[in-house]
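Here is what TrEMBL records for this protein:
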DOMAIN    41-287  domain 'G-protein coupled receptors family 1 profile'
TRANSMEM  25-47  transmembrane segment
TRANSMEM  59-82  transmembrane segment
TRANSMEM  102-120  transmembrane segment
TRANSMEM  140-158  transmembrane segment
TRANSMEM  204-225  transmembrane segment
TRANSMEM  237-260  transmembrane segment
TRANSMEM  272-289  transmembrane segment
Amino acid sequence: MDLKNGSVVTEFILLGFSGQWELQIFFFVAFSLIYSATVLGNILIMVTVTFSSTLHSPMYFLLGNLSFLDMCLSTVTTPKMITDLLSEHKIISIQACMTQMFFMHFFGGAEMTLLIAMAFDRYVAICKPLHYRTIMSHRLLSGFMILSWIIGFIHTMSQMVLTVNLPFCGPNVIDNIFCDLPLVIKLACMETYMLELFVIADSGLLSFICFILLLVSYTVILITVQQRSSGGLSKALSTLSAHMIVVTLFFGPCIFIYAWPFNSFAGNKVLAVFYTVFTPFLNPIIYTLRNQKMQEAMRKLHRHMVC
C-alpha cells in the first residue's frame, strides 16, 4: 500500500454537472420539481393501494411495494444532487458516500427481485387465471417481499464489506453526481483489479441476468396467450406493455453503466440521472395513466377525503 505522505482522505469531491450558473439554476428547479412529483406520486400510489378495497390484490400489493422502493432509491441520491447544484464545493464525506452506495445497491437489488415477482404475477394472471388467487397467496407474496429485501441486503453487503475498509489517500474527485462503486474503487490507494472484476460480476451480471429472465418470462406469456387465443394476444400486450417499459427503464441504464464501469464515459451522468431521477418519476405515471382501476380508486379516495 503506497500512502502518499501518510495523508488520509476523509471526503470526496463530486464534480456533478458543470456549466453556467443559469444552467445550474435550471437543473435545480427541474430536478426539484421532478423529485417532488416522484415522492408525491409514489406516496399517492401507496396510500391508494392501502386504503382502497378494490385494489387489495397481489398485483397492486406488489405495485405499492415497487412505489416504496422507487421513492427510497430516488431519495438516496436526488436530494444531495439537488443541493449540490447550488453549491460551489460539492463535498461528501467518506461515511456519507459509503452510506449512499450501501442503500443504492440495497434498494436496487430489492427492486430487481420485485420486478421478477411482478412478472411471475402477470404470468399466473394471464396463463393460469383460474388458479390465480390460490397460487398468489398471502404467504407467497410475503415470501416475495422478504426475498427481495434479503437479496438486496446480500447484494449490497457482498460489495460494501470489501469497499468500506479501502484506504483512500490520493485523488478524491468523483466525476459523477453521486457516489458509485466503480468510480470510488478507482480512488483507492491499493490494487483493486480483483475487486473491480467482482463489482462487474455482482452488479453488472446480476442486472443483465435479471433483465434476460424478465424478457424470457414475458415472451413465454405472449407465446402461451397466442397459442390459446389470437384475440387474447392484444389484451396481453396491453397488460404487459407497462411492465416492459418499467423493466427497460430500470435495467437499461444500469446495464449500460456497468458495461463500461472503469472507463471514462461522457454519458455516465445522463444515465445516472435517468436511473435515479427519471425512472422513479415515470413509474407512477406509467401505472396510473394506463390503469383505469387505479384511476377510479384514486378518484373514490379523493371524494372520500373531501367529504
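Cβ coordinates are placed from backbone N, Cα and C, and glycine is handled just like the others.
Note that the coordinates shown come from a computational prediction; the quantities given were computed from them, not determined experimentally.
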| Over the domain 'G-protein coupled receptors family 1 profile' (41-287), what is the model's average pLDDT? | 84
| query | For the transmembrane segment (140-158) against the transmembrane segment (59-82), do we get 3 or more Cβ-Cβ pairs below 8 Å once near-sequence pairs (under 6 apart) are dropped? | reply | yes
| query | Among the recorded stretches 25-47, 59-82, 102-120, 272-289, which has the greatest number of Cβ pairs closer than 8 Å to the transmembrane segment (204-225)? | reply | 102-120
| remark: Under 8 Å Cβ-Cβ from the transmembrane segment (25-47), and at least six residues away from its ends along the same chain, one finds 17, 63-64, 67-68, 70-71, 74-75, 78-79, 81-82, 85-86, 273, 277-278, 280-281, 283-285, 287-288, 294, 298, 301
